[in-house]
Amino acid sequence: MSELKSRIGNSGSIANSGPVSILCYCASSILMTVTNKFVVNTDGFNMFFVMLFAQSLVCTMCLMVLKMFGYAKYRPLNLIDVKNWLPISFLLVFMIFTSAKALKYMPVPIYTIFKNLTIILIAYGEVLFFGGSVTPMELSSFILMVLSSVVASLGDQQAAKIAQPLANNSILSPEYYWMFLNCICSASFVLIMRKRIKLTNFKDYDTMFYNNALALPILLGFSFLSEDWSSENLAQNFSGESLSAMIISGMTSVGISYCSGWCVRATSSTTYSMVGALNKLPIALAGLIFFDAPRNFLSIMSIFIGFASGLSYAVAKQKKVQKN
């Protein structure tokens, strides 16, 4: 079983603290989004699966080092747990890959707004798989989420038309397909992981180790099948700048990998998605600061509508818990 080596008397309470897990998840989410955007925007970079392989490899190696020094314990790979967790690893790969493809073409603020749609899928998924209901206030927040996504796409198209008047900018553009696929994969990942954690009784380090260790052969296989491994393309993708960016990206993935599982375990999958909604405003602002994202009225308005929807959803969930 997974446990952090106890050096502080209240380490157990911290490990099970919902607020602490939420704060750590927010910080790692912001860092991961900004870092991944930097990596995929590196000139000539096109080996997404290799980037994801590097991230999973760094996570796995960090865990092995922690275990070597006695700071972490996790279950060794075994056939039963591998069979139970393999679908999660495939979903994780698809989730991060579609996220990287969407980030390649989408500004960070627009990307974060569309991620709100995942909350709707997760909420109704929880109704379907775990019972419960959706309150009128939750439904109102969902309408705001959809509205923010529509406004964001209009702002994105407006900015694109100014930059490239003859370009075909519509909701049917490839980046929106990648974004919608990412929402489906993300919701499936969170819902199924919650069920599998209960089934396997995994702890945080178990979840982190299995997520990344099982993803390694999957990512490498997809890379060999779909990416260009010619010497010219390798030289283009493994320049000094892209290598440094991938290493940094791998280091940030350690935090998001651990904090995602921690937050789902310490709270719930809906709370996890709700926190992600409230986290959209700082992520979107970070995108405006660090990248050349559209800065027009519609784009800015969509950010605040998205934040309002997340806030509304948070209040709705709190009232629902108090009522029950």
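Using N, Cα and C of the backbone, Cβ positions are placed for all residues, glycine too.
Per Swiss-Prot, these features apply:
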TOPO_DOM  1-13  topological domain 'Cytoplasmic'
TRANSMEM  14-34  transmembrane segment
TOPO_DOM  35-44  topological domain 'Lumenal'
TRANSMEM  45-65  transmembrane segment
TOPO_DOM  66-76  topological domain 'Cytoplasmic'
TRANSMEM  77-97  transmembrane segment
TOPO_DOM  98-116  topological domain 'Lumenal'
CARBOHYD  Asn116  N-linked glycosylation site
TRANSMEM  117-137  transmembrane segment
TRANSMEM  139-159  transmembrane segment
TOPO_DOM  160-170  topological domain 'Lumenal'
CARBOHYD  Asn168  N-linked glycosylation site
TRANSMEM  171-191  transmembrane segment
TOPO_DOM  192-204  topological domain 'Cytoplasmic'
TRANSMEM  205-225  transmembrane segment
TOPO_DOM  226-243  topological domain 'Lumenal'
CARBOHYD  Asn237  N-linked glycosylation site
TRANSMEM  244-264  transmembrane segment
TOPO_DOM  265-270  topological domain 'Cytoplasmic'
TRANSMEM  271-291  transmembrane segment
TOPO_DOM  292-295  topological domain 'Lumenal'
TRANSMEM  296-316  transmembrane segment
TOPO_DOM  317-324  topological domain 'Cytoplasmic'
Neighbour tally for Asn237 (N-linked glycosylation site), based on other Cβ positions within 10 Å of its Cβ: 20
Interface-richest range of 14-34, 77-97, 117-137, 296-316 toward the transmembrane segment (244-264), CB pairs under 8 Å: 14-34
Summary of DSSP states over the topological domain 'Cytoplasmic' (192-204), given as helix, strand and coil counts: 10 helix, 0 strand, 3 coil
Distance, Asn237 (N-linked glycosylation site) to Asn116 (N-linked glycosylation site) (CA atoms, angstrom): 32
The topological domain 'Lumenal' (98-116), counted residue by residue under DSSP: helix, strand, coil: 15 helix, 0 strand, 4 coil
Cβ-Cβ under 8 Å with the transmembrane segment (77-97): same-chain residues at least 6 beyond its ends: 48-49, 52, 55, 181-182, 185-186, 188-189, 192-193, 196, 199-200, 202, 210-211, 213-215, 218-219, 222
Listed stretch, out of 14-34, 45-65, 117-137, 139-159, that has the most CB pairs under 8 angstroms to the transmembrane segment (171-191): 117-137
Average model confidence [pLDDT] within the topological domain 'Cytoplasmic' (192-204): 81
The topological domain 'Lumenal' (35-44) - residue tally per DSSP class, helix then strand then coil: 6 helix, 0 strand, 4 coil
Beyond the flanks of the transmembrane segment (45-65) by 6 or more, those residues with Cβ under 8 Å of it: 39, 72, 74, 93, 96-97, 100-101, 104, 205, 208-209, 211-213, 215-216, 219-220, 222-223, 226-228, 233, 236-237, 242, 246-247, 249-251, 253-254, 257
